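Chemist: Supplied in structure tokens, the structure appears directly below.
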Amino acid sequence: IPGRTGRARAAVSVPPPAGEQVPTERLEPRVEERAGGYWVLKEKYRAGLNPQEKVKLEKEPMALFMEGGIQDLARVPMEQIDAAKLTKDDVDVRLKWLGLFHRRKHQYGRFMMRLKLPNGVTTSEQTRYLASVIEAYGADGCADVTTRQNWQIRGVTLPDVPAILDGLRAVGLTSLQSGMDNVRNPVGNPLAGVDPHEIVDTRPYTNLLSSYVTNNSQGNPTITNLPRKWNVCVIGSHDLYEHPHINDLAYMPAVKDGEFGFNLLVGGFISPKRWAEALPLDAWVAGDDVVPVCKAILEAYRDLGSRGNRQKTRMMWLIDELGMEVFRSEVEKRMPNGVLERAAPEDLVDKRWERRDYLGVHPQKQEGLSYVGLHVPVGRLQAADMFELARLADEYGTGELRLTVEQNIVLPNVSNERLDALLAEPLLQEQRLSPRPSMLLRGLVACTGNQFCGQAIIETKARALQVAREVEKRVAVPRPVRMHWTGCPNSCGQVQVADIGFMGCLTKDSDGKIVEAADIFVGGRVGSDSHLADVYRKSVPCKDLVPIVADLLVERFGAVPREREEDEE
């Protein structure tokens with residue numbers, strides 16, 4: 001972590017401007033600490049709660065981890081679990097605090113397990129272990145790279161969970177607090193420490209944040225009863241690979257009075273009913289205070305956030321209700337010394353920077369070494385792929401892999417003398433994990449879709465690949481175009497940040513038949529000129545998408561129609 005390079009400074013806070021009035025009673029914390037360190041909603045605030053809050057009140061979710069409940073639950077047959085509401089809610093809701101998501105609708109009795117992987121950094125040993133877990137489940141087992149630089153593994157059965165958790169601990173991993181109303185995986189620069197142009201190495205900060213959030217994988221019940229999920233990122237590059245504008249808290253590197261630290265953005269999020277870009281908190285913290293300010297913001301959100309309508313419980317709704325200055329004041333009084341400094345005049349991100357493509361071969365800051373970005377088609381991997389990736393990381397690098405928010409993988413620290421041998425490896429030659437994908441495939445992102453997810457309305461991963469490949473037969477695309485797919489309005493595929501986005505829905509076709517369809521979004525941008533996409537067309541049947549997308553690429557993105565053979569349809 002960069003040291004303090006400036007003079008010693010007294011912490012000074014500027015009083016908030018007058019005019020924003022919030023009733024005193026509204027600022028009373030709505031939660032209180034109970035035995036075991038758990039934070040519970042006060043009795044007088046329990047009217048009008050959403051169903052998820054009622055489940056949390058009925059039984060503390062973290063008890064499944066901190067009090068050994070998972071070991072007992074894993075011994076109970078699913079049929080017996082379903083016979084009682086309490087244990088059924090354990091399986092369908094509370095296990096999400098352990099990163100376990102029951103796929104009741106599509107894979108009854110099987111779970112998706114989401115990990116914590118700060119900055120997307122993983123090792124060959126960890127990758128092999130995860131591969132061994134999904135391999136045991138045969139056709140039901142696979143892994144996905146997520147849009148938060150993370151692993152999700154599929155096919156897990158409940159009786160296996162205690163042993164899997166032990167295996168994760170043995171290789172330095174955890175799945176704790178990775179679902180529901182918790183802090184999600186801390187995102188950082190996927191090229192941290194190897195990027196010749198990085199502003200700061202984000203890994204120390206994301207590791208600190210993750211250690212705080214999970215209490216070093218022991219469980220941190222002080223922040224496990226948030227009103228809703230909460231996303232955080234640390235910016236380390238001019239490219240803004242970390243997507244600060246859609247995070248609840250984004251640390252923007254900035255120098256104030258000669259001292260390195262971060263300006264703060266807050267409130268960015270995507271949801272079914274609303275999506276909003278993060279706004280300046282008008283606050284700066286020194287590099288040493290990354291965790292204290294995160295803690296203060298989380299506690300303000302935990303204490304004051306609404307727990308009624310689930311669609312209005314993300315942190316930005318609280319900021320809107322209180323006003324930014326009052327929200328800032330609530331954060332400030334939860335800081336260790338009761339002071340939160342005003343922002344530096346500007347951050348260190350170059351607003352004229354053209355975002356770089358990390359796929360392919362690129363020189364590192366370390367002489368004689370390169371990193372190789374590999375495209376993972378819609379983020380889906382099988383056990384054999386992961387075993388091979390682990391081997392490549394050991395044989396050509398330093399046993400390390402980096403996951404990206406675009407669902408791809410970076411292999412760092414490859415000696416330049418070994419690049420040709422790496423690029424000749426069958427896994428890369430077969431186009432399975434290509435360093436040189438086509439213009440449309442390289443920017444393709446897709447959520448899980450209805451193959452596994454009960455909330456998804458349409459199938460996404462196979463369809464995303466099919467549409468991209470069919471469109472490429474019709475038009476030549478001169479530059480990468482980021483196309484994102486999400487199976488439902490929850491937008492796990494982040495369609496609002498895409499050049500072209502597809503959000504799953506249902507509609508009637510020309511024959512009056514209900515068919516899978518998509519709302520099309522256009523105009524999302526990432527980088528310093530970030531902008532969330534707007535709806536372009538609603539309820540387009542999926543079978544009609546290819547010509548529409550091809551025309552859109554010609555009209556908006558400089559694509560050129562290809563010549564067709566006479567016998568081509």
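Backbone N, Cα and C define each Cβ position, glycine as well.
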Chemist: Check each of the ranges 1-28, 197-224 against Swiss-Prot and return the one annotated as region 'Disordered'.
Modeler: 1-28
Chemist: List the residues of the same chain that sit at least 6 positions away from Cys492 ([4Fe-4S] cluster binding site) in sequence and have their Cβ under 8 Å from its Cβ, in sequence order, or write 'none'.
Modeler: Thr147, Cys447, Thr448, Thr486
Chemist: Given the [4Fe-4S] cluster site residues Cys447, Cys453, Cys488, Cys492, which other residues of that chain have a Cβ within 8 Å of the mean position of their Cβ atoms, reported in sequence order?
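Modeler: So the extra residues in range turn out to be Thr448, Gly449, Gln455, Ala456, Thr460, Thr486, Gly487, Asn490, Ser491, Gly493, Gly504.
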Chemist: Would you mind listing, in sequence order, the residues at least six apart from Cys453 ([4Fe-4S] cluster binding site) in the same chain with a Cβ closer than 8 Å to its Cβ?
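Modeler: Listed in sequence order, they are Arg103, His106, Cys447, Gly487, Cys488.
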Chemist: Using a 10 Å radius around each Cβ and all protein chains in view, which of these binding-site residues has the most neighbours: Cys447, Cys488?
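Modeler: When each Cβ's neighbours within 10 Å are tallied, Cys447 tops the list.
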